[in-house]
């Protein structure tokens with residue numbers, strides 16, 4: 001759909017957003033906007049209030065129902081409900097209000113100039129109103145006992161709950177920023193990515209803090225039920241975590257989405273400020289121009305390499321460390337993305353193992369499997385367009401062996417991956433009193449030989465799927481994150497009880513070093529390396545077509561190039 005935004009002056013856009021626009025005949029001022037490309041403020045606020053209402057009603061409601069009806073829903077069911085309600089409300093109202101539903105998210109977007117400040121108090125008011133109304137509805141519907149309280153309170157330590165809230169809120173905003181504000185991200189899957197992030201965060205931190213991530217989610221029930229115990233945790237934690245997540249992603253961002261494109265659709269979590277339309281048009285032109293130049297060979301390999309190493313020049317000819325090209329990601333950004341991605345992969349996946357043991361098996365083994373699959377999926381969609389989202393030394397080496405990744409970056413990537421794994425393992429050790437039963441590394445359940453065979457086979461499958469969805473022109477690359485994430489999930493279901501389902505040397509070595517447990521560690525180096533190399537080799541034999549190496553290294557993405565040429569070919 002073509003936007004009429006170019007024909008509307010900034011002043012008129014601002015008036016329409018405030019509900020002061022004229023009707024289609026240009027005569028009568030209306031409260032509800034009649035422009036096909038601008039959503040007025042009244043409509044946004046109603047959408048935010050309704051969206052927040054249903055997020056709280058469904059998410060908190062399932063908590064009450066699970067307690068009052070004998071645990072019928074189960075804890076995994078509660079986690080799934082939270083993820084699904086956020087996902088469906090994003091797709092229902094994101095194109096109207098941006099689907100924030102969270103005061104911390106709204107403030108963070110405003111801080112980073114992705115949302116107008118004058119709308120911030122109005123959005124927060126709408127979000128709190130939705131939360132209060134939903135909480136009041138639940139109180140009137142049910143006889144809520146203290147056990148069935150649907151707010152959030154720390155299970156044991158307020159300090160542990162605070163740390164958990166900061167980390168999971170960081171992850172939430174990091175994913176939101178990755179899928180909604182970067183021009184190379186697959187924006188159509190943003191609702192899935194954010195909803196699944198909520199789901200996995202509830203799996204990981206629900207038994208610790210209740211996994212709020214949202215001041216409105218905690219304040220509404222607290223006010224209606226009159227329970228204010230440690231409420232500060234659920235204000236400070238989400239605000240600090242969300243702000244930090246936005247700041248870090250802002251540092252490694254590939255490119256901004258054109259502002260005019262964001263405002264015309266008012267799509268999920270995007271800026272609605274009309275101030276930079278001209279610069280947005282320039283951004284679209286620059287991106288298209290660079291993609292075309294790279295495709296036709298006008299940008300030489302040497303120049304691409306300089307940009308990837310952070311030796312690019314800005315528009316004034318000054319060399320910068322952070323890449324300013326709209327089509328090249330510099331090495332510094334890639335390494336930070338790899339480290340953060342691996343950190344959250346280990347923190348969430350290994351963390352849910354610890355939580356499941358220390359909190360009485362609440363998560364369950366299927367919940368552990370689901371968490372591993374979801375964290376891989378959401379981190380692929382958040383950072384794949386920056387670093388390629390390897391998160392695995394064996395994958396990085398295999399891509400290099402088959403000339404799909406530059407060798408000079410291999411040791412740097414592996415270093416970033418191990419750093420992320422070590423930091424995540426250290427975080428878990430400091431957060432929890434990890435007993436031998438709650439060890440979050442990988443050791444064979446019984447036979448070392450059986451564990452080795454299992455690791456080789458599931459690692460083969462993982463790399464076979466990665467190769468299929470990432471390096472073949474005819475694959476549906478937009479779904480690569482889902483395919484790889486679900487491969488991880490099913491592999492944990494199959495091999496988790498046998499070997500722990502590592503598939504990744506960094507996943508096993510980090511916890512082993514931090515906890516000092518080296519039993520059978522060689523299995524988790526040899527198995528993944530052999531399996532992944534074999535999987536890449538076999539797919540190479542049956543590959544339909546190769547993607548150009550320059551295209552893969554240019555974007556750093558093992559998921560899919562989204563240059564205009566390939567968009568056209570994928571449509572056909």
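From the backbone N, Cα and C atoms, a Cβ is placed for every residue, glycine too.
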According to TrEMBL, which listed range is transmembrane segment: 50-69, 270-289, 290-309?
50-69
So which range, 521-542, 543-564, gets flagged transmembrane segment in TrEMBL?
521-542
Annotated transmembrane segment segment (source TrEMBL; candidates 15-34, 75-94):
75-94
Does the chain bring the transmembrane segment (521-542) near the transmembrane segment (75-94), so that three or more CB pairs sit under 8 Å (pairs 6 or more apart in sequence)?
no
Mind checking which residues reach the transmembrane segment (340-359)? Cβ under 8 Å, same chain, six or more beyond either end.
155, 167, 171, 174, 200-201, 203-205, 207-208, 248, 252, 365, 367-368, 371-372, 375-376, 379, 382-383, 387, 389, 391, 416-417, 419-421, 423-425, 427-428, 432-435, 437-438, 440-441, 506-507, 510-511
Looking only at the recorded stretches 50-69, 365-382, 412-432, 452-470, 482-501, which one has the largest tally of CB-CB distances under 8 Å to the transmembrane segment (189-211)?
365-382
Looking only at the recorded stretches 75-94, 115-138, 158-177, 231-252, which one has the largest tally of CB-CB distances under 8 Å to the transmembrane segment (50-69)?
115-138
Are the transmembrane segment (365-382) and the transmembrane segment (75-94) near each other by the rule of at least 3 C-beta pairs under 8 angstroms (pairs 6 or more apart)?
yes
